[in-house]
Structures are given as C-alpha cells and as structure tokens.
Amino acid sequence: MGPRARTVCFLFFLLWVLAELAENSDFHLPGDYLLGGLFTLHANMKGIVHLNFLQVPMCKEYEMKVSGYNLMQAMRFAVEEINNDSSLLPDVLLGYEMVDVCYISNNVQPALYFLAQEDNLLPIQEDYSNYVPRVVAVIGPENSESVMTVAHFLSLFLLPQITYSAISDQLQDKQRFPALLRTTPSAKHHIEAMVQLMLHFHWNWISVLVSSDTYGRDNGQMLGDRLAGGDICIAFQETLPTLQSNQDIMPEDHQRLVSIVEKLQQSTARVVVVFSPDLSLYNFFREVLRQNFTGAVWIASESWAIDPVLHNLTGLHRTGTFLGITIQNVPIPGFSEFRVRGPQAGPTNQRSTCNQECDTCLNSTLSFNTVLRLSGERIVYSVYSAVYAVAHALHSLLGCDHSTCTKRVVYPWQLVQEIWKVNFTLLDHQIFFDPQGDVALHLEIVQWQWDLSQNPFQSIASYNPLQGRLKHIQDISWHTINNTIPVSMCSKRCQSGQKKKPVGIHTCCFECIDCLPGTFLNQTEDEYDCQACPSNEWSHQSETSCFKRRLSFLEWHEAATIAVALLAALGFLXXXXXXXXXXXXXXXPMVRSAGGPMCFLMLTLLLVAYMVVPVYVGPPKVTTCLCRQALFPVCFTICISCITMRSFQIVCVFKMASRFPRAYSYWVRYQGSYVSVAFITALKVVTVVISLLATGLNPTTRADTDDPKIMIISCNPNYRNSLLFNTSLDLLLSVVGFSFAYMGKELPTNYNEAKFITFSMTFYFTSSVSLCTFMSVYDGVLVTIVDLLVTVFNLLAISLGYFGPKCYMILFYPERNTPAYFNSMIQGYTMRRD
C-alpha cells in the first residue's frame with residue numbers, strides 16, 4: 001500500500017468515527033449538484049481540536065457570529081437565485097451542504113464529509129480521476145488558517161475550493177493548493193491600501209497590534225516588510241493574547257492587555273494598526289475604554305473592518321476614529337429581505353452531518369439587521385460571486401444552452417479547469433481569476449459611524465489593486481478637536497530647504513537642519529544631505545534650488561571705468577603729442593639724447609598699450625584676454641628695456657668708454673642697445689608663452705569671496721600666482737634702469753635723466769609690488785579695476801615722467817635744443833671732472 005493510499009485510509013477512519021446525523025433545511029438543500037459551504041456561525045478562538053481527539057467539537061457551545069450567518073445566507077440566496085434563473089444552468093438544480101466550522105476548531109470533519117460519497121465512505125483507490133465526492137465544489141472557509149487546513153485535503157482530489165475572505169499570500173502557492181481560488185484580493189493589496197492611506201494623511205509613526213495566530217503573525221510581517229526602509233516607521237509591535245469574549249479572562253492575559261494599552265498611552269504614535277480576528281478584540285477594547293485611551297486612529301484589517309458586534313460595543317466611539325480596509329460594497333438586490341427570512345418548513349430526509357444547527361442565528365441577525373443593511377454587501381458579494389463562478393463553470397462543463405443542460409457526472413478535476421476559465425459580469429462587475437487564482441475586486445476604506453441615520457461603515461475612499469493607489473477620498477469626521485486630522489509623526493516634517501539628521505534607529509525620527517548658503521536640498525535624491533550648488537550658481541540658507549550668480553566685469557557705465565578711460569585717453573593724447581613733437585625735432589640734439597629712433601619705438605608701443613586699455617572693459621573673450629596677457633606685457637617690457645638701455649648707454653659714453661674703449665666700440669658697432677632690447681623682448685615673449693600655456697586664454701569664473709551671489713569672470717584663473725612671474729623681468733629692468741640712472745646723476749644736465757628715469761622706474765616698481773600685495777590678500781570684484789588702474793598709471797609714468805620733460809624743453813626752451821648748447825654742457829662737465 002502506497003503513501004497516498006495509507007493517507008486516504010486514515011482519513012476514511014476519521015470520517016467513519018466523526019460522522020453523525022442531523023436534519024435542518026437551513027443547512028441542507030438537495031439538488032442535482034451540491035455545493036459545500038464552510039462558515040463561522042460560532043467562534044472558538046482557543047479550543048483548537050487536534051486529530052487525536054475523536055470527538056467533533058460542538059460549535060453551538062461557543063459565541064455566535066452574526067457576520068458568519070450573514071455570509072451563509074448569501075450562499076443560500078445565490079443558490080436560490082441561480083435555481084430560479086432560466087438562463088444559467090437551465091433545468092439544473094443546485095443544492096448545498098453547509099457546516100459551521102467554529103472559526104478554526106471544526107475544519108477536518110467537514111472536509112472529510114464533503115469528500116465522502118453519499119454513503120459516508122471514502123474508498124481507497126489508486127486513481128481518483130473518476131471519483132465523485134458528495135459536493136462538486138466548496139465555498140469557504142473565511143480565515144487563512146482554516147482554508148489551508150481544508151485545502152490540504154481537497155487538493156488531493158482536485159476538488160474546487162473558493163474562499164471568500166482569506167487573504168494570506170501563502171494561498172497563491174498553486175504547487176500546494178492547485179484547486180484553491182478566492183474572490184477577494186490578496187493580503188498584499190490590503191497592506192498596500194493601508195500604506196497608501198497612511199501616506200495620504202502623512203502618518204509615519206504607527207503602532208501595530210497583531211493576534212498570536214497565523215493571521216496576525218503573517219500580516220504583521222508583511223506590513224513590516226512593506227514599510228522597511230520607507231517613509232513610515234513602526235514605533236512598536238505587540239502581540240495580543242488570544243481571548244474569547246464570552247470566557248473569563250486569565251490573569252496573565254489581563255495583565256498583558258493592561259501593559260499593551262499603557263504602552264499605547266505612552267507612545268507618541270496616534271495611529272494603531274490592528275491585525276486580529278474580531279473575537280480577540282472585545283476584551284482589548286474594553287481595557288482601552290477602562291484606561292480612557294482616546295484620540296487614536298484605529299486602522300482595522302479586513303477581519304474586523306465591518307464587524308457589527310464590535311461596532312456595537314458601548315462607548316467604543318470615544319476611543320478615536322476607526323478606519324477599516326474591506327472589499328467594496330456591491331448591492332445585491334433582494335438580499336436584505338432574504339437575510340432575515342427563516343428556514344424552510346419541515347425536515348428533510350437527506351443525510352447530513354454535525355454542526356448544522358444554529359438556534360439563535362436568525363434572532364441575532366434580526367437584532368443586527370439595521371447595521372447589516374446599512375453597511376452593505378461587501379464580503380457577502382464575495383460569497384455571492386464565488387457561487388456564481390461555480391455555476392458558470394458548471395454551465396460551461398455541462399454544455400448548457402438557453403433552455404437545457406446535459407446532466408452528467410462531474411468530476412472535480414474537470415470543474416476546477418472550467419472555474420479557472422470563467423469570465424462573466426455580475427452586478428456590473430467583471431469576475432475572472434488571475435494567474436494567482438484571485439478576483440481583482442476593489443477595496444474600500446470605511447469609517448465607522450455611530451449615527452443610526454448613517455451607514456455604520458461609511459465608505460471614504462476606494463483602492464484599485466491594478467492601479468495601486470487610493471481614489472475618491474472623501475472628508476472624514478475625525479474624533480478630534482475642531483475635526484482636525486490627527487498627527488502621528490515621530491518628527492515634524494522639515495521645512496523647505498532643511499535636511500534630515502537621523503535620531504535613533506528609525507528613519508522617521510530626525511532633526512531638521514537648515515542647508516547652509518551655497519547648498520540646497522534635493523528631496524527627490526537625498527533628504528539627508530544638502531548638495532552644493534554648481535560653481536556658477538548660489539543659494540541662500542534653507543533653499544531647495546540655486547539661482548544663477550550675477551556675472552561681474554568692468555562695464556562702460558561704471559564711474560570707475562569712465563575715470564580710468566579718461567586717464568588712458570589723456571595718456572594717449574600725451575603720447576601722441578610727444579611723438580609729434582619728437583618727429584618735428586627728430587634731428588635735434590634733445591631727441592637724439594632721448595634715444596633717437598629708440599624714442600619713436602617707445603612712443604609707438606606706448607600708443608599701442610593705451611589702445612589695449614578698452615579690452616579690459618566688457619566680458620572677457622579669448623581675443624581680449626590675449627591682448628591683456630600677451631600684447632600689453634610685451635609692449636610695456638620693450639618700453640622699460642629701451643629706457644634701461646638708454647640709461648646704460650649714456651653711462652657708457654661718459655664713464656666707461658675711456659676705460660673700456662674696445663668693448664664700447666663693439667657695443668656701438670653692433671648696435672648693442674637694439675640687440676639687448678631684442679633679447680629682452682624675446683625673453684619676455686618666452687615668459688608670456690609659458691604663462692599662457694600654464695593658465696590658458698579661455699575666460700574663467702570664480703565666486704566673489706565678499707559677495708557669493710556675484711561670479712567674477714576673468715581671463716586668468718591663476719592671475720595672482722602668475723602676476724609675479726609675468727612682472728619679474730620688468731621689475732628687474734626697472735631696478736637696473738634705476739641703478740644706471742643713479743650712476744649718471746653727475747652727467748651733463750642735458751644728459752642727466754636720473755630724476756625722470758628714477759621717477760618712472762620707482763613708480764613702476766612700487767605700483768607692481770603693491771598690486772601683487774593687494775591681489776594676494778583680496779580676490780573680489782575690485783581686482784580688475786585696480787589692475788587696470790595700475791596699468792594706466794604705469795603708462796602715464798613713462799609718458800609723462802620720461803617724455804614729458806623732454807617735450808617741455810623742446811617746446812618752451814628751443815635755445816637749449818641746439819648742438820652748441822649741448823657741446824657747452826659737455827665741456828663744462830669735462831672741466832669739472834678735470
């Protein structure tokens with residue numbers, strides 16, 4: 001005997017022991033094809049019956065559940081409606097066998113009863129392909145733990161099972177449960193609807209309470225996994241003790257409830273998510289009322305989201321706002337009247353089983369009928385659609401047309417294949433099973449109301465599992481002062497432009513710190529760090545974006561620019577006048593003593609240098625930068641080198657020619673002055689080229705250290721570092737020129753240029769050193785204007801300081817610009833030396 005046969009044999013033994021006879025037409029209806037129904041009419045939360053107990057629990061000994069009877073009535077209503085429908089299963093009568101499963105206590109015996117044949121025998125066979133059990137399909141039960149227990153039995157025979165409210169994602173495993181389907185969205189959609197609700201109201205600090213059974217543990221774990229690393233944090237999670245509302249509470253369980261409620265009181269989290277069966281919550285909420293815990297937002301899982309008995313608990317409305325996640329309401333015409341209709345008169349002669357009695361069900365339902373009627377048909381529709389799914393599958397399997405069906409034996413494996421294929425419209429809703437065996441019904445967020453004139457479970461929003469978001473969110477009557485939305489945050493939301501500094505282990509607990517100037521907060525990328533603005537942008541403190549810095553450069557309308565331009569124009573005119581005066585007296589001794597042709601070279605370069613001044617104004621370009629960094633320095637260096645060589649040549653004539661006649665003759669013969677100027681010019685060109693290669697010509701920008709909102713655009717990004725290198729040759733020439741001028745202070749008056757050269761060279765040396773010092777300590781917007789001003793002053797020092805006195809002598813003392821006068825001055829100098 002194989003393992004499968006031994007298993008079936010054992011089940012047969014249990015079935016033979018557990019079977020008994022009871023008659024009640026409320027639970028049984030004969031028909032051509034029977035449906036099995038498993039409902040919780042009474043609930044036993046603690047008394048779990050194990051397989052080694054050979055007595056079936058008597059469900060009527062436990063507390064009655066109105067909602068369970070309401071669902072059983074939905075199945076009866078659907079079967080009766082189908083039997084009266086001439087278009088669906090014409091000429092075929094559906095029957096049913098329904099059993100009370102006591103929540104989780106009575107699952108095995110009904111499963112065996114449904115699997116057995118009419119004689120209560122379950123034969124041992126090698127092949128069950130042609131086996132016909134008592135029922136063709138089973139509707140229920142309601143909770144995931146019971147569904148899995150029953151499914152393990154039914155799946156051995158591929159007997160179709162459709163659950164109407166079990167949401168565990170474990171039920172999607174078709175390797176374990178190939179014949180199991182459900183007409184309710186899976187747990188992940190319920191969890192996601194909760195999360196979207198909390199995100200909508202900015203609740204990021206919550207408490208979670210779970211029951212100690214599989215339902216509570218699994219859903220609590222799923223919620224924790226969904227929230228891990230997200231925007232919502234769990235302040236704490238506690239496990240509720242398993243309690244029966246009509247049983248005396250044990251001291252340890254009571255102390256546990258007291259501790260949990262005290263923890264809720266002390267927590268700053270005002271939103272409480274509860275995953276638990278309804279019967280486990282009665283004593284808990286009694287303790288909540290006893291401790292006067294108010295102002296909370298209770299988010300109910302689908303297991304108690306629309307429970308009428310818990311809703312009727314006295315004073316419950318004082319504890320806060322109740323929001324529940326449940327299946328959408330689909331009104332079923334005629335069901336409200338059918339729900340309170342009594343059982344059919346007279347016993348039946350058909351064989352039934354135990355736990356098919358509920359003496360108080362109808363009266364209890366009548367007492368809650370108003371609440372049930374106003375709350376609408378939610379899970380009721382899931383039962384209703386499950387029955388219709390089986391009916392449509394049978395309709396297809398029996399080859400029915402509009403008037404007749406071919407009645408024949410229906411095997412479970414055939415029917416389950418047809419159920420997977422069904423696709424029909426029921427009360428304007430499309431019913432079909434996805435690859436996981438679920439029907440994608442919408443979910444609703446309901447608010448509990450205690451005004452008898454309103455729906456006790458008022459819909460405030462809907463959730464589409466296919467879209468994954470809430471919609472049609474309505475106003476909520478908050479149980480708070482001034483009807484304000486409750487706040488449940490570990491930390492208040494940061495203001496715009498503030499970064500989060502984590503506090504503790506929860507991501508929802510943080511300090512808010514302002515972003516510093518020059519940084520901004522990009523919340524889409526990183527809420528915990530301020531990002532630096534790009535180099536050409538800036539921001540104030542606590543900003544979420546940067547703005548463009550204002551580019552700073554010399555402009556013509558500025559007063560400083562106009563003043564410097566006027567000085568440059570004055571220098572240009574003076575240099576042009578000096579060139580005209582020198583050209584008019586080109587053969588005169590005064591011009592020849594000033595350098596002759598070299599004098600015209602200097603004046604020409606000075607004019608060019610003055611013409612370069614305007615390129616300092618306006619935004620720098622490659623061409624203007626080339627003029628600033630190459631053309632002007634070369635021109636100025638040639639001018640200084642000419643002055644230096646002129647000083648050296650005069651000293652040579654009067655003091656060194658007699659001592660070194662041969663050297664002097666070589667100097668004169670090979671034009672030593674021009675060769676020296678050419679060499680110095682070449683050296684300057686090399687210096688400029690090296691500087692340009694090191695720094696480049698492209699204009700660059702830098703932030704103003706005094707005003708970060710300003711971006712200074714300049715030619716040389718390392719101007720301060722290269723300034724001393726670029727001017728080193730000029731400074732050396734100025735020192736040498738000053739030295740030669742000082743050596744010639746005793747020369748004839750017409751050749752004594754010590755005062756003028758000393759003035760020019762000293763001014764240049766002092767201004768250049770001052771500029772280097774200034775730029776080493778300051779890097780603001782004044783650098784360019786100071787640089788230009790020093791440049792113009794240096795040009796003026798040469799133009800006016802060196803050429804000015806000579807022009808003055810040519811214009812106002814022409815008698816001194818004669819060869820005779822110069823010869824007399826030389827003779828006087830010679831006589832003094834002798």
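Placement of Cβ uses the backbone N, Cα and C atoms for every residue, glycine included.
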| said: If you check Swiss-Prot for N-linked glycosylation site, which of Asn292, Asn726 comes up? | reply: Asn292
| said: In terms of membrane topology from Swiss-Prot, Trp667 and Pro805: same side, yes or no? | reply: yes
| request: Look up transmembrane segment in Swiss-Prot and report which of 63-83, 84-104, 756-776 it refers to. | output: 756-776
| query | So which of the glycosylation sites is most packed in, judged by how many other Cβ atoms lie within 10 Å of its Cβ, out of Asn312, Asn423? | reply | Asn312
| Least surrounded among the glycosylation sites, given as Asn84, Asn363, Asn482, Asn522, when other CB atoms within 10 Å are counted | Asn482
| task | Based on Cα distances to Asn363 (N-linked glycosylation site), point out the closest of the glycosylation sites Asn312, Asn423, Asn482, Asn522. | result | Asn312
| field | Inter-residue Cα distance where the pair is Asn292 (N-linked glycosylation site) and Asn482 (N-linked glycosylation site), in Å | value | 20
| query | Quick one: do the transmembrane segment (598-618) and the transmembrane segment (562-582) reach 3+ CB pairs under 8 Å, ignoring pairs fewer than 6 apart in sequence? | reply | yes
| note | Nearest by Cα to Asn522 (N-linked glycosylation site), of the glycosylation sites Asn84, Asn292, Asn312, Asn423, is Asn292
| CA-CA, which of the glycosylation sites Asn292, Asn312, Asn423 lies nearest Asn84 (N-linked glycosylation site)? | Asn423
| Restricting to the same chain and to residues at least six past its boundaries, which positions have a Cβ under 8 Å from a Cβ of the topological domain 'Extracellular' (619-630)? | 551, 553, 612, 688, 691-692, 695, 697-699, 713-716, 726
| 10 Å Cβ neighbour count around Asn292 (N-linked glycosylation site)? | 11
| Secondary structure at Asn423 (N-linked glycosylation site), reduced by DSSP to three states | strand
